[in-house]
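Some notes on the structure that comes next.
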Amino acid sequence: MMKGGFEVVHATLDMIQPHREPIWDFASVGFPTTSVAAAVSSIPRQNLENRCINLERNELSDWVEQVTKKLIDDLPAQNTDTDDHHSRTLQAPADIPMLCEDSFPPSLLGDFRPRKTVTSSDFDELQWSNVNGGNDRGLSRLDEQGLSLITLLLECAVAISIDNLGEAHRMLLELTQMASPYALSCAERVVAYFAKAMSSRVINSWLGICSPLINYKTVHCAFQAFNNVSPFIKFAHFTSNQAILEAFHRRDRVHIIDLDIMQGLQWPALFHILATRMEGPPHLTMTGMGSSMELLTETGKQLSNFAKRLGMSFEFHPIAKKFGEIDITMVRLRRGETLAIHWLQHSLYDATGPDWKTMRLMEQLGPRIITLVEQDLSHGGSFLDRFVGSLHYYSTMFDSLGAYLAADDPNRHHIEHCLLYREINNILAIGGPARSGEDKMKQWRSELAARNSFVQVPMSSNSMAQAQLILNMFPPAHGYRLVQGDGTLRLGWKDTSLFTASAWTSHISR
């Protein structure tokens with residue numbers, strides 16, 4: 001690792017601790033130093049030991065995995081893509097938080113395209129076969145009401161998939177009356193948000209159009225709250241920063257394009273490392289993409305102020321458009337600049353526009369490094385494809401929050417309501433029956449690998465070490481897992497992979 005790398009990670013751990021003050025608090029210049037032990041001990045605990053007890057109650061994702069696997073066994077699929085990433089599992093013993101090799105079995109969910117109609121009796125048989133016998137992975141802890149709600153939700157999804165909207169509407173009325181987002185049960189909370197998103201889907205199907213209005217400030221605030229209480233966003237930031245740092249080694253003019261910069265929470269740590277390089281700081285240009293020029297301008301001011309305090313030459317160029325909607329002339333790339341493109345994908349909204357235009361522009365720009373962090377969740381395929389994948393994914397995500405935060409914790413509700421629900425809604429409801437009509441790429445890693453323009457850059461051992469350092473902030477009992485393999489780093493909870501980080505370079509990079 002370059003000199004200063006780990007020192008800065010240690011020095012910035014206090015910056016990524018769960019906290020309530022704004023991230024852009026410049027009351028003191030630079031970052032106070034701290035040790036890893038001090039960083040871990042400073043986490044607001046509310047008795048971490050007591051929180052770990054919640055793990056015994058969070059078996060929703062286990063049951064959903066059983067249900068969807070059984071459903072697929074009963075419904076022959078057209079094909080099973082063994083590299084379909086939205087249901088990969090992390091194979092790690094319960095007492096080992098990290099593995100040094102990739103060991104992902106074929107997808108449990110695959111390309112879920114049923115060839116027969118699923119009836120209520122199919123679900124009744126499925127429910128009771130899981131309750132009364134077979135492979136019971138903690139199923140007894142999931143209460144009877146939770147089982148009933150999940151079963152009804154599955155029936156409703158099948159009705160929507162075959163355009164039986166009247167029956168779907170009837171079931172949704174029942175679900176919205178029975179499930180509350182404030183419930184103690186993770187199952188009930190998940191069902192409440194899925195039912196709300198599916199209600200929007202049914203309305204969109206009748207009206208044929210949906211143009212959602214997004215309050216980006218609210219979304220960004222929830223994103224920051226999520227960053228404060230879980231390792232996923234920190235993992236994305238620090239692993240990407242390490243790959244960019246290595247690509248910028250001994251380069252004196254560098255340029256970063258952030259495809260969805262939001263509040264720019266990622267970049268102060270990298271700025272600090274670049275400013276303290278042995279060869280001196282580079283001249284840094286940053287192009288920030290986003291939907292609101294007001295928010296982009298504010299982010300640019302904050303980053304400029306921070307770079308100035310570090311004594312680093314810095315320029316910020318906001319572009320209030322999606323990356324796939326611009327042409328290469330809008331990127332102020334100068335001769336001699338080393339280019340990095342960063343993309344932290346999420347399901348909140350479409351941040352980049354048409355996939356094929358995004359790919360074409362990346363090929364034209366020829367970056368030295370592309371850092372890509374993807375949710376292990378497919379946005380493409382039929383409604384039922386997306387429903388099954390997202391139900392398993394978000395059941396796991398809700399379980400992980402429930403293991404760390406109490407049911408009545410306001411931060412937990414804020415994250416679930418303003419972040420996770422918006423993601424669920426965007427996956428299931430936005431765009432009406434045909435969505436946008438565009439075939440979304442299921443896995444950008446596969447698309448980049450298939451192009452002659454790009455080659456994968458394996459995530460380094462230094463990236464792995466930094467990711468593990470972040471994960472050490474959370475006791476192993478919380479169930480987070482880190483796996484390295486195939487040149488990627490994957491972070492998940494219990495047996496489910498949730499985020500994957502990878503890096504790529506262009507054959508024509510400078």
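Each residue, glycine too, has its Cβ placed from N, Cα and C.
TrEMBL assigns the feature region 'Leucine repeat II (LRII)' to one of the listed ranges (34-66, 67-99, 298-330), namely 298-330. Looking at 184-188, 254-258, 359-363, the stretch flagged in TrEMBL as motif 'VHIID' turns out to be 254-258. For the region 'Leucine repeat II (LRII)' (298-330), the list of distant contacts is 24, 26, 29-30, 257, 259, 261-264, 267-268, 271-272, 274-275, 281-292, 350-358, 361, 364-365: same-chain residues at least six beyond its ends, Cβ to Cβ under 8 Å. In the motif 'VHIID' (254-258), helix, strand and coil residues by DSSP number 0 helix, 5 strand, 0 coil.
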